[in-house]
Amino acid sequence: MGTALFAVFGALIVVFQVSALERANRPTCVPGFESELLVFRVSREHLRPGMRLGKVGFTDCTERTVFLFSTDDSRFTVKADGTLTVKREVVLHKGHRNFFIHSWDSQGNKITVPVSVVHPEHHHRHHRGKHHHGNATDPQVPVLQFPKSGGGLRRRKRDWVIPPLNVPENQRGKYPLKVAQVSIKVTGTGLDREKYPEYTLTVQAADMGGEGLTGQTKVILTVTDSNDNAPVFTQSSYTATVDENKKDVEVVRMIVTDEDEPQTPAWNAKFKIVSGDPDGLFTVKTGTNKQEGILSTAKELDFERASKHTLLISVENEIPFAPGVSVVTSTATVVVNVKDVNEAPIFDPKEKLVVKPENLAVDEVVVQYTASDPDTARKQKVAYKMIDDPAGWLTVDKDTGLIKVGRLMDREAIFVTNNRYTATIGAYDNDAVPATGTGTLIIQLEDVNDNAPVVELRNIKVCNKEPAPQLLSVTDKDGPEFGPPYSVSLQGMSKTNWTARMNDTRTGIILNLATELPSGEYSVILRVADKHGLGQDNIITAKVCDCRGTDLTACSGPGRYGAAASNLPLILGILGAILLLALLLLVLLFTKQRKREKKEPLLLDDGVRDNVYYYDEEGGGEDDQDYDLSVLHRGLDNRPDVLRNEVMPNFMPAPQYRPRPANPEEIGNFIEDNLKAADNDPTAPPYDSLLVFDYEGGGSDAGSLSSLNSSGSGDQNYDCLNEWGPRFKKLADMYGGGDDDDML
């Protein structure tokens, strides 16, 4: 009995101890993935879109079952319930695909787990074909440990399939891979992707405590990048020159280098201005290649304020540097020299308002409107000019900028808007290329009583019997202070037949015919004045008709102006006939002028050539006529030195004249062909021009030929004709004697 009681009591103690031990060993909930490495095995190398690979287990120690997941491989996607699917077609060329899945706990902390999609058949084929031998590149990587074989497996060969691993660089501690209690650990100073981006390990497994059968496999360890390298400027300093007053102008481009993996946030650079720009004159942005900083002007630079700017610019990556990595941020100095350019003078203020009465006298001063030259170092002189003066009322002094009245101003003119007249004044410097600045002058014109009221309606129709009153409206261009109430009075003979008075508002005139007048048109003179007494006479044309009251049907006839209008067709017909007759006379005169006048022969019957007198008889006396042909040369000798051709002359080839034929029978064709050639000769003189042939002066060496005209019967001696040359050979033959004398 005692033994049984002791046994029961001992069993209770053991149960209590086991329960306490179980409560003590119950793990505390830690947010994260269900495993430190997620491996998904597939049965094919080609993965199609939409293929479901498995489910990712994740907890944030709450009752939530739906989470936000993201991957760094766009070929895969994770749904909110943890289902991993293929988003785009994937081919496992090496039998595996490695990437990371990210999620966040309830506190917003990011948790990452490596994922490997493995095709086991690819690895089996790979290991059956041959064994791989290799050594770890880094001696710090330890061996892969395997557990001891259990009972019943001592004579079975083990073949381990280990996928490639992605291990972040620059992190110490364990990176375990738990496959049947096998782990690979990284020790020492950590991995460096820039030195060894990948490790290839040959792992051997043996059963029976290392004494049995063995198998080998290859482990590929890929080192993923982390931001452990800072971008560095290729130059430590830059110098650039920019014109002043230029905005959004590129100053300089700065190149940097980064040893991290290209086209990643750890490689992409971003720039900022650290110092030297308190006024925000510059801006820096990253170029499209992510390794270039572009410095530009954000505002216009002013040479007179600062001729040089020294900026300190730093560069960082888009993501922070990796924890525990000590890096130095790279900086560069940029010296920007501002180039002085000629700036236009500046008016102060840009828009100036003055108040002046509209009747300001000519040459009276309006205002002095001046500008200053911002280029103080150049010491330039500023001059002024009028750029826009719509009405031409103003003048400006070139040297002082003093503006005066050039012509009387008028507030009621069309150039004035809301009592304001606007003019634009220009100021320019004396630089080689002058720069001009403008200022706006606004003159507020004060109204004066310079316009008398006028009657709007100037033509009325009334009946001469029981006429109806006529209401005439009155207006005044001046302002209200110089307007109504108006007053009216009749002038001259209008007082006898008409009456006029103002209406109740004193803004209109009631005109009435007081005496019955014959039909016709009458002029009524009304003097209308404003409340200050300024007035003028207004002539109203009243057409009086023979009618009664308001029945103006009798006034619908043409009247004086209507009669003239009715005769308009007749007048136009008469004018048309006169114009037609004048046109006919002009045509006849033109035709008469076009007729060719009878041309006189070049050599008149009684004309004189030199001292030879032409006549038809062989007797008669002699009229000695000496002609001085030098008078004809007076115009040719006094030609102007400068000639002007309105039309460029056309150069035409000279005609070809036929030579004199040897056969006398061809002389007719010769003359006809040469006449045609002469008619088409552009160098030939006009038909009606005066041609001078063989002009040798006033005298004649041959002396008088009066002996040829002698009527005497005595013998004459004509032997001298033989001495006069070939021109007088014919005369010598005729009068030289011999047989010819007998013929005469």
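Here the Cβ of each residue, glycine as well, is placed from N, Cα and C on the backbone.
Pulled from TrEMBL, these are the features on record:
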type: COMPBIAS; residues: 124-134; note: compositional bias 'Basic residues'
type: DOMAIN; residues: 191-233; note: domain 'Cadherin'
type: DOMAIN; residues: 234-347; note: domain 'Cadherin'
type: DOMAIN; residues: 348-455; note: domain 'Cadherin'
type: REGION; residues: 124-154; note: region 'Disordered'
type: SIGNAL; residues: 1-20; note: signal peptide
type: TRANSMEM; residues: 570-590; note: transmembrane segment
What are the DSSP helix, strand and coil residue counts for the domain 'Cadherin' (348-455)? 3 helix, 51 strand, 54 coil
Under 8 Å Cβ-Cβ from the transmembrane segment (570-590), and at least six residues away from its ends along the same chain, one finds none
Please list the DSSP helix, strand and coil residue counts for the domain 'Cadherin' (234-347). 0 helix, 55 strand, 59 coil
